[in-house]
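Trainee: Among the features that TrEMBL reports, domain 'Major facilitator superfamily (MFS) profile' is placed at 540-935. What TrEMBL records for 170-189, 286-306, 424-447, 574-595, 607-627, 633-654, 666-689, 695-717, 782-801, 813-832, 885-902, 908-931 (among others) is transmembrane segment.
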Amino acid sequence: MRFRSWIVTTIVIGIAQAVLSLLLVLQHDALYSELLRQRVSVIAQTTAETFRPILDLGLPISMLRGGDAIVARGIDIDPNIVAVHAINPSGVVVHTTGPKPRTLSNDLMFAMRLADGDFWGHETQDFIYSGFSIRSSRNGPVSGAVVVEYPHHPLDQASSNIVRITLRNALLIFVCTSALAYVSFHLVLGRPRRRHAEFLSRYASGAEQSPAERLHPSQERGAVDSEYARLEQSLQDAKLAYDTARRAIAAPETAAPVTAPDPVQLAPQKDLAAGKELKTLIMSRVLPITILLLVVSSFLIMALTMRAVTRSIEPELAARTNLIGTVVSENVQRALDSGVALDEIVGADSFFGDMLERLPEVSYIAVATGRIVIEAGERIDPYLAPPRERRGVRSHPILHAGEEVAYVIIDIDPRLISQRFRGAFLDAAVILLVTVLLAWETMLLLTGRTLTGGLSRLQRLSGMQAAGDFSRRVVISGQSSIHQLLRDMSRRAEDLHVAFAEALKAANGRSRPALEDLGRRFGLSPKGPRPLETSSFADIRLALFLFAAADELPLAFLPLYTRSADNLWPWLDTSILISLPLAGYLLAIVVMSPYARVLVERFGVRALFLAATIPTLAAHVGIFAATTAQEIILWRTVTGLGYALVTLAAQDYVLGVTPKDGRDRILGVFTLVLFGGIFAGVAIGGVLADRLGPANVFLVSASLIAASALLSVWLIAPEIGRSRMVGAAAPDRAAKWRALTDLRLASLILGIAIPGAVVLQAFVSYLVALTLDAQGASSAETGRILMLYFLAIMVVSPLAGQLTETLRVPGTLLCLAGAALSGLSLLPVAAAPSQATMALAMIGAGTGGALVRGTQVSLALRLAETDLSQCGPAAVLGALRTGERLGSIIGLVLMAVIAGAADYQTATIAIAAWSLGGAVLYGIMLGTGLLTGTRSSR
C-alpha cells in the first residue's frame, strides 16, 4: 500500500514537473524571441529610412545608387547580422549585403502582407527575420521593405541554457520530493498497511475466521480499522450465504421459502452504508500529501526557472538599449559629416519617437552638448547635463572631425521593465495553474485505478454476496492477494450458477418452482453471473478534461488566425468572415445534439466517444494545414460536431454509472471538470501560440484529442449506454416546439438565455481577441484575460446553487442580477478599451453567467413540472438549449456586422444593451404577472 502510494505520487509529480518545465522553457523562448525581433527591427527601420528620400522623388528604391552600401550599414551596427535585403513590393531583392537571391520566400512575403503596421517578422529554425515596410506616405501603399536576417543561434543558446538549468533543478526537486513522499507515506499509512497485512494474512490464504472471532467495529481503533472489520464480517457472511445457497440448491424442496431478507444477512450492507469505503479513507490520507508535494515542487521549479529567465534576458535588454544609442549617434554623426548643423537636423524627433515605440522600456532619448538639442520621450532622470558619467544614464559619443561634439542620453523606465517581468511571471503562474489541474486529474485516475480499485470492488462484491446476491462476478487480470480474493468470490458465484443450471435442467415439475424461487433469492440464472459494473466518473474525467482543453486551445487567437488566411469570398466583409468559424461550430452543436442520445443508445458511450474524436482530430489537423478562411470555417464546424457528441456522451456515461440519489452532485462535478478543461485550454493556448505559432497549436490540440481517445478506449466499458435503448420510448420532437409557445419559457429564453449566450459567443469568443489585438496585446495576454471568465464561472457556480438552496434567493432574482451584471461589466470596455477594463469585464461577465447558467435550467425544470408538465422536462430543456444556441448564432453574426460597419466598441455597446434590455424585458414580464413570482418560479 505504501509502495503503491509512493509510486503513484512520484509518477504524478514527475508528469507535472515535466509539463511545467517544458511550458516554462517555451515561455522563455517566446519572450527572448520577441525581444530579439524588436531589437533587430530597429536596424531594419534605420536602414529603411535611408530609402525614403528617393521615394519622395517618385522613384523606386532600386534606382538608389549605392544601395548595397546603405544596407551594409546594418552589419556595421551589429556584426552578428547575417544579411540585410532591400526588396521591391513584389519581393524581388534589389539591394543586399550578400549573394543576391531572386526573391524572398513566400512565408516572408505572407508575413509582410498580413502586417497591420510597418513592422513585421518571421522565424524559421535557422534564422529570425525582422522587416520594415517603406511607404512614400504614412498611409500609402508599400513601396518596398528592408529585411534583416539574424541568426537563430543566440536564441538557441539561451534556450539551451534554460533547458539545462531547468532540467537540473527539476531533477533535484523531483528526487527530494519523491524521498519526502516516501517518508510521509511510511508514517501516514503505517497503521492502514499493518491492518491491511493482518487482513490478507487471515483471508488471502483461504483461512477462515469463525463467527466467535469477529470483532465488533466499536472494538477497533480508527475509521480504517472499522472498515476492515466490516469487510471481514462481510466476507464471513458471504461464505455463510454461499454455503446456504449450495445446500438449498442440493435440496430445493427443503429450503426455506422466500421471505423478507434476513436481518443477519443485511448487516454487512448496513455497516457498509453507515461507514465509508476503504477507498475513500485511504485516499483521504494520500491525496493531501500528494497535492501539497505537487504544489510545493511545482512552485519551486517555477520560481527557480523564472529567476534563470530573468538572468537570461537581462543581457538582451541591455543590448537593445545600447543599440539605440549606437543608431542615434551614427545617424546624427552622418548628418554632421554631410554638413548639416546639429541644430538644423530635420525629422529627428519623429525618428526618435518611432524607436521609442518599438522599444517601450526606453522612455527618453536626447542628444546633448551640455544642453538638450534633440529629445523625444519622457524624462526620468531630473538632471541630464553634463551627466555622461552619472550612474544610471547611458550615453554614446557623437564625433565630428575627430572631436566629440555631442552625446546621446538614454533613460530606461523601470516601470516598464517591471511590467515586462510581471507579464512573464503571470504567464508562468498560468502555466503552473494549468499543470496543477492536469496533475490533479491524472492523480485521481491513477489512485482510483491502481491504489484502491481492488479494495473498492472487494467491498462491493462481498457486500452483495453477504446479502445473498450472487448475480455478479468480477473479471480479474492481476495476481495480487486482493485480486485472488476477488477471483475466489467470482468463482463461488460461477459455481452456484453452474449448480443451479444443472439442478434446473434435472428438476421435475415438483421441485422446479422451488428452484426458481432459489434463483430469485440468490440472483442465479442458467446464463451465469454478469460482470460487476465498476465504472465511475473518475474513469472518464481525464479524457473529458483533455478533450475540453484541446477544443478551447485556439480561443485566444482563432479570429486573428482566420483573418490572416486567404479569403476566397472578397465580397464578404472581413468582420463577418472571421465570425463564421464560430458560427459554424455553434450550428454543428445545435444540429448534432438531438441525435447524441440516440447514438449513445445504439452504439454505447465508448464507441461514440471514439467515433467522435476521429473526425475532430482530423479537423484540428485540417485547420493546421488550412490556407484559406473557408477551410478554417469547414474544419471548425466539424469540431463542433465532435464537441457535441463527446460532451453529451460523457454526460450519458455519468448518468449511466451514478446512482440516482447522487446524480445531482456528480453532474456538478462533471460541469467543473468540463470548465476546468476549457479554462486550461484557454489559459495555455495563448502561451503556446506566442512560442509555437498559432498554426502549430492545432497540432498540440490534435495530440490532446488523440490522448483523450486512447483513454476512452482503455477506461470506458463497451456496454455502458446501450442498455437503455431496450424499451426506450421514441422522443416527442413536437413537444419542444409546443413548449416554445409558453410565454414564461419564451421570456426566459429571449430575456435571459439568449443574451447570456450572445455575451459568451459574440463578446468573449469573438470581440475580446480582436479588441485586445487592436490594443497590442499578445496571444498570451489575451489568454490570461479570457481565462478570468471561465475562472469566475468555476468559482461562482457553486455559490449560486447555495444562494438558491440555503438562503432561498428566488431564481428569477438571480437571473435578473446575472443578466444585469453581465451587461454592466461590458460598459467600461466600450468606453475605454484596455487590458484592465477587459479583465474587469471578464470577471463581471463570468460572474453574471455563473448566476444565470444553472438557475435558468432550474427555472425551466420548474415550468416542466407545473405549467408544461404535458411536454416533459426533456422537451423543455431541449427548447431552452436550442433557442439559446440559435440565438447565439444570430447574435454573433449580427455583432460581426456591427463591428464591420462601425467598430469593436460599438459592437460591445450593442451586446451590453442586449443583455440589459433582456433583463429589463424579463423583469417587466415578472412584474406584469406573466412570470410567476411565487414558489413555482423559485
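The backbone N, Cα and C atoms fix where each Cβ goes, and this holds for glycine too.
Those TrEMBL annotations? Automatic predictions, nothing curated.
Context for these features, please: burial, neighbours, distances.
Mentor: If one looks beyond the transmembrane segment (424-447) by at least 6 residues along the same chain, the residues whose Cβ comes under 8 Å of a Cβ in the stretch are 5, 8-9, 11-13, 15-16, 19-20, 23-24, 27, 31, 283, 286-287, 290-291, 294-295, 298-299, 302, 305-306, 309, 538-539, 541-542, 545, 673, 676, 679-680, 683-684, 687, 715, 780, 783-784, 787.
If one looks beyond the transmembrane segment (574-595) by at least 6 residues along the same chain, the residues whose Cβ comes under 8 Å of a Cβ in the stretch are 558-559, 562-563, 567, 629, 632-634, 636-641, 643-645, 648, 731, 733, 761, 765-766, 770, 878, 881-882, 885-886, 888-889, 892-893, 895-897, 899-900.
A Cβ distance under 8 Å defines the sequence-distant neighbours of the transmembrane segment (666-689), meaning residues of its chain 6+ beyond its ends; these are 23, 26-27, 30, 427, 430-431, 433-434, 437-438, 441, 537, 541, 544-557, 647, 650-651, 654-655, 658, 696-697, 700-701, 778-784, 786-787, 790-791, 793-794, 797-798, 801.
Beyond the ends of the transmembrane segment (782-801), by six or more residues, the same chain brings 426-427, 430, 555-557, 668, 671-672, 675-676, 678-679, 682-687, 689, 764, 768-769, 772-773, 814, 835, 838-839, 842-843, 845-847, 849-851, 853-855 to within a C-beta distance below 8 angstroms of the stretch.
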Trainee: Most CB pairs under 8 Å with the transmembrane segment (885-902): which of 170-189, 607-627, 633-654, 813-832, 908-931?
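Mentor: Against the transmembrane segment (885-902), the leading stretch is 908-931.
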Trainee: For the transmembrane segment (695-717), give me same-chain residues lying six or more residues beyond its boundaries with a C-beta closer than 8 angstroms to one of its C-beta atoms, as numbers and ranges.
Mentor: 445, 449, 533, 535, 539-540, 542-544, 546-547, 549-551, 553-554, 557, 561, 605-606, 609-610, 613-614, 616-617, 620-621, 623-624, 646, 653, 681, 685, 688-689
Trainee: Who are the long-range neighbours of the transmembrane segment (633-654) in its own chain, taking Cβ under 8 Å and residues 6 or more past its ends?
Mentor: 535, 537, 540, 543-544, 547-548, 551, 558, 562, 580-582, 584-589, 591-593, 596-597, 599-600, 605, 608-609, 611-613, 615-616, 618-620, 622-623, 626, 663, 666-667, 670, 674, 708, 716, 720-721
Trainee: Grab the pLDDT values for the domain 'Major facilitator superfamily (MFS) profile' (540-935) and give me their mean, rounded.
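Mentor: That stretch averages a pLDDT of 85.
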